[in-house]
Amino acid sequence: MLNTLLTILIIAPLAYGTTGSWAQLWVQGAVFGLLLVWALAVARGRRRAYRVPGTRLLLALGIFLLLQCLPLSPGMLKILSPVTWWHYSEGVWLSAPGSWLPLSINPRASLLEIFQLFSGMAVYFLAVQLIDSRAALRRTLTVVVCFAGLYALLAIFYSLFPNGRILWVLHLWPPGAAQQFGTYVNGNHYAGLMGMLLPLCVAWFLVHKPHTSYSNWRAQLVDFFSDPQASPHLLFGMGALLVAVSIFISGSRGGILSCCGALLLFGLLLALRGFDRRRGVLLAVFFALLLGGVGIFGWEPIFADFARLRAADGSLQEQRPDYWRDSGQMLTDYPLAGTGIGTFVDAYRGYQTVPTAGRVVDHAHNDYVEWATDTGLVGSLLLTAALLTILLTAWRQLARRRTLMSNDLGIGCLAGLGSIALHSLTDFNLRIGANLLWFALLWGLLIAAAATRSRAGRVTSDLPPAGGAAGRVAVPSAVLLLLGFLLLQGGVCGGLLAFAPVEGVSLRTVGERQLPVLLAASRLAASRDPLQADYHFAVGNLLRVEDDRPGALAAYTAALRCRPLDGELLQQTGLLLAELGRDTEAERLLLQSVDLDRRAAERWRVLGNWQLRQQQREQGVVSLRRALVLEPRRTRQYLTMLILAGLSDRDLRDVLPALSGPWIDYGDYLVERGMTAAAEQAYRHALALAGSEKSGAVAYHRVARYYARRKEWALALQVITEGLEKRDGDASLYRAAGIYDLRSGLDFQAREAFQQALRLNPRDSWVRKQLQVLNSGR
């Protein structure tokens, strides 16, 4: 069974980090299946069961997380989570009054995350039960270290010779995979896994150091090549070095820092347990080889990656602190039980203040913050208590051990856990299936290193036996876990298969013959995966095309029960209620949709249009202005829409936000209407706004081009000069100044402007060529 567990763990990272639905079905299903096999062996008396540290607290945590998904009455919800109750009151309860709903704002996501967490708990439990002797511990460490070294070597080779496919022959990388490494879409998660394993590899390397004294270095050199103990020592050292080098070249800043922190922690703990000069020399040589190995691939990309953290003005170019600050308000609103594990992406939209150019913020990029917002005070206390219980149990056991192997492996496990603890400050490694399983194995190895006895005998572990009832309890528990997981994850995969004909189909292109087929596929998907809101939403959309509004409302309501805080679902339900003449409920749903999805321009745009149609001019103008702030590049479409709605020029100006781009677009619109004076007034207002904008140089170029099209070179140059007064270090403005100087016949001034542009941007070959022409004409 131990070999099976190790095989599952090796497959987990290779299955793209166990992040896809099918990979989770097979990998996590195999873990639960192995747990059942172990339980049956214990029930038949073929294996001994031990009491696993932290089991009761982990069980309490699991029960609490399941209770988050349990439907509750509105009165109970108001007591446990007033903010959740209020959102339900202004949302889903308007179409399904009084329905019982859970604390989790997305029960499907919570259940999937719970079973992933249960699979990690199962790996920890099985590791403690199966690694119950020194022989099993040695076998496990050998397999783990060899896998880590070979996987790192594979990742390094692929980084040198990529071809756009995963491991050269598998699927193409997804479009959003900008930093893939190994078999991970995100190199940060590869580095998180390897950061956990690196201290363990170094510890195993030290454990295999030959214990022989030499009279001189010649005897040591001869023995190094002839001693059979030297080969595994060298092999494991090379494996550890490959793991460390791969972390550095993965491009993960958090991985590099946590790797260095883990090695520092490893050295400190090793020193506290007793200093050995020869082992210290080995570590120093390892560090030197690591620096040299990374140097082969070049330090420049690493330094450049860290340099990108700071902008030219010294400000921090990193949005993670903004996510954490926004999450603080989430903690305030959901202090006791959180929003439900795995629901950060659903809750964060209502608190997001930082622009992300349409990218969805699906994680807090801090495991501690995300766990706190997901599970609240109760979940945080339970998890902390469980991990501290395991840690203190292992520490007390290690303190009594005197063998080098126990101490080194215990220190390696602690340093590996320290690595992921550091990396979790800036990433979400423990939300990745494979990394969670290996994290759980590390805890199991820590207990095994502390509890297994060095001397062979009938009793090989210091852990107390579990008692005769262990098998009778373990078998039904394992069966329940396996069946529950297969029902949930199997439904997810079955829903994906059923929904495949509907995926990516636009309702605008659906014909009458195609509509029944798509509707049947959507209903089949919803029956297989009833907690997936998207399938019910698709059914509702197709029924609206058929003009079956009551049926569409029922489908939308079913979708809202699955994801009650989804802005799009709330908005479409509100619009449907408006079609049914229920304007009061419609308005509340539309307002709730923008409150819960505040960075989505579409929510504000739809709300603004609806308010204008309801003769709510002031509210509509405010909503449309908020929408334009979020998507200023669509100003011309907004202007067209507002003109068709009958708004005057004064109304149009009221809609425009305090951004230069929309005002320039408005000026262009006025030019097309022949209102030149009003257009130039709009341009001047845009330039006044551009001075305080980061991308304000674009505004000066656009206004200057307006004058250039009219052959008014002096005015174009005046605009660019005004821009240079406020943005002196912008090479593009100096380039434009040179062009307009040339058009005005000011060759000397053009030469000076081009020289300044070339100084700021030496790669501009066009400017260099213009300077050569000007200099040749002196």
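Cβ from N, Cα, C; glycine included.
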Transmembrane segment according to TrEMBL, located in which of 407-426, 647-666, 667-686, 707-726: 407-426
Whether the transmembrane segment (27-45) meets the transmembrane segment (432-452): three or more C-beta pairs under 8 angstroms: yes
Candidates 140-161, 190-209, 432-452; stretch with most C-beta pairs under 8 Å toward the transmembrane segment (407-426): 190-209
Structural state census, the repeat 'TPR' (731-764) (DSSP three-state): 27 helix, 0 strand, 7 coil
Rounded mean pLDDT for the residues that make up the domain 'O-antigen ligase-related' (239-383): 80
Contact call for the transmembrane segment (190-209) against the transmembrane segment (432-452), three or more Cβ pairs under 8 Å: yes
Contact between the transmembrane segment (376-395) and the transmembrane segment (140-161) (at least 3 Cβ pairs under 8 Å, separation 6+): no
Top partner of the transmembrane segment (432-452) among 57-77, 140-161, 473-500 - counted as Cβ pairs under 8 Å: 140-161
Folded-back contacts onto the transmembrane segment (109-128), same chain, C-beta under 8 angstroms, at least six residues removed: 1, 5, 9, 24, 27-28, 31-32, 34-35, 38, 50, 52-53, 55, 58, 62, 65-66, 68-69, 102, 140, 340-343, 345-346, 431, 433, 436-437, 439-441, 443-445, 447-448, 451, 463, 481, 484-485, 488-489, 492, 531
Positions on the same chain near the transmembrane segment (57-77), where near means CB under 8 A and six or more residues out: 84-85, 88-89, 93, 98, 100-104, 107, 110-111, 114, 117-118, 121, 337-338, 340-341, 375, 378-379, 382-383, 385-386, 389
